[in-house]
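Asker: Next up is a structure, given as structure tokens.
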Amino acid sequence: MIDTSLSKKKDPDQPEISLPTLKSQRTKMGKSEDSEKKKIKDVEISVPIVYGNAAFWLGKKASEYQSHRWTVYVRGATNEDLSVVVKRAVFQLHSSFNNPTRVVESAPFELSESGWGEFEIAITLFFHNDVCEKPLNLYHHLKLYPEDESGPMSTKKPVVVESYDEVVFTELSESFLARVQNHPAVTFPRLPAGVTLPPSVSTEDESKKKRGDTKDHPLSQWFLNFSEADELLQLAAARQQVQAHIAKLRRQISLTDGQNQQFKPL
């Protein structure tokens with residue numbers, strides 16, 4: 001599991017977005033409930049997901065208890081439909097909300113509310129029976145206000161906070177692998193030698209699938225980019241910083257050793 005701080009260069013032609021630390025990690029899940037079906041060993045698939053929130057200040061419409069309109073969501077990292085693996089999502093809001101436990105049974109997995117305070121939202125993802133029997137618990141701190149609190153707030157520029165997680169599934173059934181082998185939300189591996197899968201047959205309703213992805217989502221222009229290339233650049237930059245810090249510590253140690261040698265008794 002890695003925790004990486006990411007930053008993005010400002011583009012003068014793009015709206016400003018509040019960009020706090022973004023988390024990137026890899027979560028390995030357990031077995032599926034398909035114990036009766038043939039499992040393929042040494043094969044794992046990953047589903048890159050992004051979860052976070054976008055919050056708009058209400059401006060002149062703001063009141064003491066309704067200052068922002070916000071949406072919390074779980075989406076595919078490339079805005080693909082996650083319902084191929086996710087059955088439902090449960091969002092646990094602050095107890096001050098009416099019905100604080102919100103269940104979303106279909107994609108897109110999101111909910112919108114309004115309020116004035118920031119708090120932690122627990123998100124639980126439940127998977128289809130042939131994917132995994134264990135739910136995935138995520139935690140997101142709702143962010144309404146920009147990092148630079150001294151700057152002016154805007155009704156047109158949202159505060160966006162997102163985290164990336166690569167969810168890994170293992171010990172999967174042959175039928176499930178056949179079902180998702182061509183799905184764009186899934187990172188599919190090279191199969192072991194001698195293993196072949198039957199052709200995938202799509203059982204999804206195309207209109208439902210279209211509703212499930214977030215490519216044309218009203219907030220899509222504000223979504224952050226978690227491409228692999230960007231992450232590699234960030235990791236390389238972090239590695240350079242660590243190497244520079246190690247070199248500095250070595251120089252300090254060398255200087256200290258030299259001073260100790262000067263005061264060493266004869």
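Note: Cβ is positioned from N, Cα and C throughout, glycine not excepted.
Unlike curated records, TrEMBL annotations are generated automatically.
Per TrEMBL, the feature region 'Disordered' maps to 1-37, 196-216. What TrEMBL lists as compositional bias 'Basic and acidic residues' is 1-13, 205-216. Residues or ranges marked as domain 'YEATS' in TrEMBL: 39-183.
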Asker: Using DSSP, how many residues in the domain 'YEATS' (39-183) fall into helix, strand and coil?
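Answerer: Its residues fall into 13 helix, 75 strand, 57 coil.
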Asker: Mean pLDDT for the domain 'YEATS' (39-183), rounded to an integer?
Answerer: 92
